[in-house]
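Chemist: Next up is a structure, given as structure tokens.
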Amino acid sequence: SLFFVIYCGTICGNLLIIALVSTSRNLHTPMYFFISQLSINDILLITNIVPNLLHILLNNGGTITLMGCIIQLYFLCGPEVFDCFILAVMSYDRYVAICNPLRYSSIMTSGHCVILSSDCWLYGFSIILMSLIELGKLIFCEPNIINHLYCDVVPLLELACSDTFIMRLEIYLLGIPNIFIPTTIIILSYTHIGGHLLRARFAFSRR
């Protein structure tokens, strides 16, 4: 019951954010557009996990096909990659707004924001697809019990009978840039913002 209440609260909260950003003209700005994208992603992520989690808890276990497990993993990893890159885009948006305020409206146009957001969605769900295609080629055997509440990549690889070294290497090689690139963009953006604020002469400019 507690998990269900939290799930419903999270869904309603994110839907409220999306509705407010869509209907309020004052919120038709790049920052709130990206926040609404995060809300859509959050709904997708928790809807992929929590209903199945509730089913498992209510029935003291559950079954899922291999294809269903891979699909659940796809809709788990895709939004996670999207999260990393949309946060990097949001940090870039703040960098432009604070360090180049006179050019902000010409740089962060609505079309540019849609392109940046679409690129994050496409990249997040396409880069994961390559790994999951290789995952589907593995041979799985007994025991076929996943010691987890949802299909995650590590518990799934532990069930494989075939060699998983290449698969694990591919996951690490893809994971490094997906974490390193957004983190670098975020650090650089806020470093420049901090430097800009420290160089500002007046308190009004700092605010």
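Residue positions begin at 1 at the first shown residue.
Note: Cβ is positioned from N, Cα and C throughout, glycine not excepted.
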Chemist: What range among 6-24, 158-176 does TrEMBL describe as transmembrane segment?
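Modeler: In TrEMBL, the transmembrane segment feature sits at 6-24.
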Chemist: May I ask which of the stretches 31-50, 113-133, 179-198 has the most CB pairs under 8 A with the transmembrane segment (70-92)?
Modeler: 113-133
